[in-house]
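Trainee: First the structure, which I've put down as structure tokens, then a few questions once you've had a look.
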Amino acid sequence: MKGSMLRTLAGAAALALAAATAPTQANGPTDADLMNDAASTGDVLTYGMGPRAQRFSPLKAISTDNVAKLVPAFSASLGGEKQRGQEAQPIVYDGTIYVTGSYSRLFAFDARTGEEKWQYDARLPEGIMPCCDVVNRGAAIYGDKIIFATLDAHLVALNRETGKVIWNKKVADYQAGYSATAAPIIVKGKVIYGNSGGEFGIVGAVEARDVETGELVWRRPTIEGHMGSLNGKDNGITGKLNASWQGDLWKTGGGATWLGGTYDPETNLLYFGTGNPAPWNSHLRPGDNLYTSSTLAIDPDTGVIKWHFQTTPHDGWDFDGVNEFIPFDATINGKPMKLGAKADRNGYFFVLDRTNGKFIGAHKFVMQTTWANGFNAKGRPNYIDANRPGAPTAEKGTSVFASPSFLGGKNWMPMAYSQDTGLFYIPSNDWGMDIWNEPIAYKKGAAYLGAGFTIKPIAEDHIGALRAMDPKTGKIVWEYKNKAPLWGGVLTTAGNLVFTGTPEGYLKAFDAKTGQELWKFQTGSGVVGSPVTWEQDGEQYVAVMSGWGGAVPLWGGEVAKSFKDINQGGSLWVFKLAR
Amino acid sequence: MIGRRGLLLGAAAAAGLALLPALAEAAPLAKVKALGVLRIAVYKDNRPWSWTEAGKVHGIDADLARAIADKLGVRVDLAEIIADESVDDDLRNAVWKGGLLGFMPADLMLHIPFDRTFASRNDQVAIIAPYYRESFQLACAPGALDCEAPPTQWRGKRLAAELDSIPDFYLIGAFGGILAKDVTHYMSGAEAVAAVTGGKADAVLASRAQIEAGLHDSGGRTLDRRKMPLPAFTSPGWDIGMAVKENSRTLGDAVEEIVAAMTASGELKAIFAAHGVTYAPALAA
């Protein structure tokens, strides 16, 4: 941690300044503040702008009428050589903007001037081999702490005023393939997070720690047969041993929870998505392979699973089910319902009863799904068997075309739900892949049977598509097409606006009802972060990270043509209306 | 997770991306000699080839690496690399580009498959000096099961395999998967062999080097070794060589000469023998 002395000094100076100029919010955000984040407009305290992660702001000073006058207030560089993959969502509190940067860094910037207050660089072991770039998606704030996860699978709590470490806990072993990139969430004094890693030999889990001490409170593995824990004692097995797995494959079954979760205070349930099963070839693991590629509803007090819904049973395409499940209320067939929605990697937008996981509907939100033809009334996919990739053989075999590609109809980037329009805004991608058995493959120096693949666009004019989905009808109300794949989060506001970024470098604003593009600004590098908005000194601000990276540039082929001229970067951009 | 998808992507990514300049150029021969150090990458946790015990890297590859540096008259800098999803990825991380988090490229990497198709899609490196022929074998605890029987007769026996390997895919997938419930998975081939020598399993399908080294380490245990080919088994074996960066051929040539001399003198065979493994020359050698 180079420069800790400098940090301390800067922190002390910031403290002194704050004390002199404004009433400090010395105690920091409370549980109640976090739960009220969606309604409180003067701050952004949670990943998702509220525990339900609707990414909706009631602010309307910036609206369809004046968004054209949005101009930069300031920009702040993350500096250094680490100019890639800025997928974070800013946190804004008490005159400070906190952002996490690639390579496990956390920055505190003055929210009025953009000057850096302090910076924390995690010291990472050089042996880490992160599968999918060096990103981080954001921090969590609570009391005097700002907390984030690092690539070597640690959770670090820093003093939000000084950047000094309060606690630092190893949550998994990076040498065993684990990593951490998601923003943690904080519920009732517990910091709750998932795990991530390659598919080799890992098992997904959700864990809760005491936010004050970092000590483990409960742990819930996501794969059938594994024992959960609560306060150091066994707390029941997940599912039923060998109910949907053969032999001992459940021990290494996958199901990583690498994108974190959401929370609904009304039902007191956490919602975490789980990754795909292992081994990768579905023919070697008959059964549904629970609870992979699923959404789990978990009791935040005990870590017990209350219900599950599997979006891709017996996955054979790498369709992680990690995507965010966003609670919302709507009236369906005349009946007011407590619902939740998830836009899945597999190309379907799911609406479930969030109190019990009951299937309400699954609506296609991409151009093409080759693997299934819709879902039946029970919520099971109508598989198209001919399009399932084959069993591993020593022959090259036939190539199967699968759409969406393994990067998904929607990947990690979070969608938004407008309480005004009742629409979900989904950052999606239309792309497929050829996949075949690859006999000339090697792993750790030994012969191996792998799969070869190439990702390719399926439309002439676009890969990315921002789509407005009506969750009550499953209809797409409007769409905006983008040449390069969309890889950033979405924000919607009561000003009838939808904001999202593009790899081409723009932050764009759209009319939430019609999809008409109203404003754009070139940030200098691809935008793959999630925008936020808040009110400060009587004005509405919008902020987003710029810095191309993430998993997309790691995959070449035809898709690479759409972003070959995009440069790396690493900056926070903050906007407000011109006076 | 998408890590395994990197399998064929090393080359594609190289073509598709304007790659960052390598943090440190892997040094050709003159530079290695001038610096007085040869950085050699070996796999972490890869018994009997390379593994760390009490702070020292042991194994056939570790010994071979030290001998090569010694014969070049330079110090060895042994760098252990955590295996990624495919060797293509490992070559990117350890030889021609370096790791995303600062793993410095090595001058030479051991234990790289020597295979024309594989080499052609990894054109950022030169694959050289094939030094061993590897293959999978079945080893059985005497009396526990009939090693030469048709595999379908092994139902109900305790079978061991390394997770996510060809032996694993064969045992859980072949014959309609009827042996799937009998397979116990281990995180490495060496652990799978140790399960049989330790009496926890009846048979193991693993590499010949893993089996022979495991027997050597177990202090004189013997296992039956299947002589007949396994029906519908897909891997005929493969050659193991080394890799240098594509522009380090002067170093590659010098290493090839050293390995050829060690083969001729019996020194290579002796290194294998010290770990209990019978040396087998690469078919391409």
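Cβ coordinates are placed from backbone N, Cα and C, and glycine is handled just like the others.
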Trainee: With A:Glu87, A:Arg137, A:Asn411, A:Trp412 listed by TrEMBL as pyrroloquinoline quinone-binding, which of these, A:Thr41, A:Thr181, A:Thr355, is given for the same site?
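Mentor: Among A:Thr41, A:Thr181, A:Thr355, only A:Thr181 appears alongside A:Glu87, A:Arg137, A:Asn411, A:Trp412 as pyrroloquinoline quinone-binding in TrEMBL.
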Trainee: Distance between A:Asn276 (Ca(2+) binding site) and A:Arg137 (pyrroloquinoline quinone binding site) at the Cα atoms, whole Å?
Mentor: 20
Trainee: Do me a favour and check the Cα-Cα span between A:Asn411 (pyrroloquinoline quinone binding site) and A:Cys132 (disulfide bond); whole Å is fine.
Mentor: 12
Trainee: For the binding-site residues A:Glu87, A:Arg137, A:Thr181, A:Asn411, A:Trp412, return the ones with C-beta distance to chain B below 8 angstroms, or 'none'.
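Mentor: Sorted by position along the sequence, the hits amount to none.
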Trainee: Consider each pair of residues in A:Glu87, A:Arg137, A:Thr181, A:Asn411, A:Trp412, all listed by the record as binding pyrroloquinoline quinone, and report the largest Cα separation in Å as a whole number.
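Mentor: Of all Cα pairs among the recorded pyrroloquinoline quinone binders, the widest measures 14 Å.
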Trainee: Determine the mean pLDDT over the domain 'Pyrrolo-quinoline quinone repeat' (A:484-542), rounding to the nearest whole number.
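Mentor: Taking every residue in the domain 'Pyrrolo-quinoline quinone repeat' (A:484-542) and averaging pLDDT yields 98.
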Trainee: Highest Cβ count within 10 Å among the binding-site residues A:Thr181, A:Asn276, A:Asn411: which residue is it?
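Mentor: Of A:Thr181, A:Asn276, A:Asn411, the one with the most crowded Cβ is A:Thr181.
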Trainee: Expressed to the nearest Å, what is the distance separating A:Glu87 (pyrroloquinoline quinone binding site) and A:Cys132 (disulfide bond) at their Cα atoms?
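Mentor: Rounded to a whole number, the Cα-Cα distance is 12 Å.
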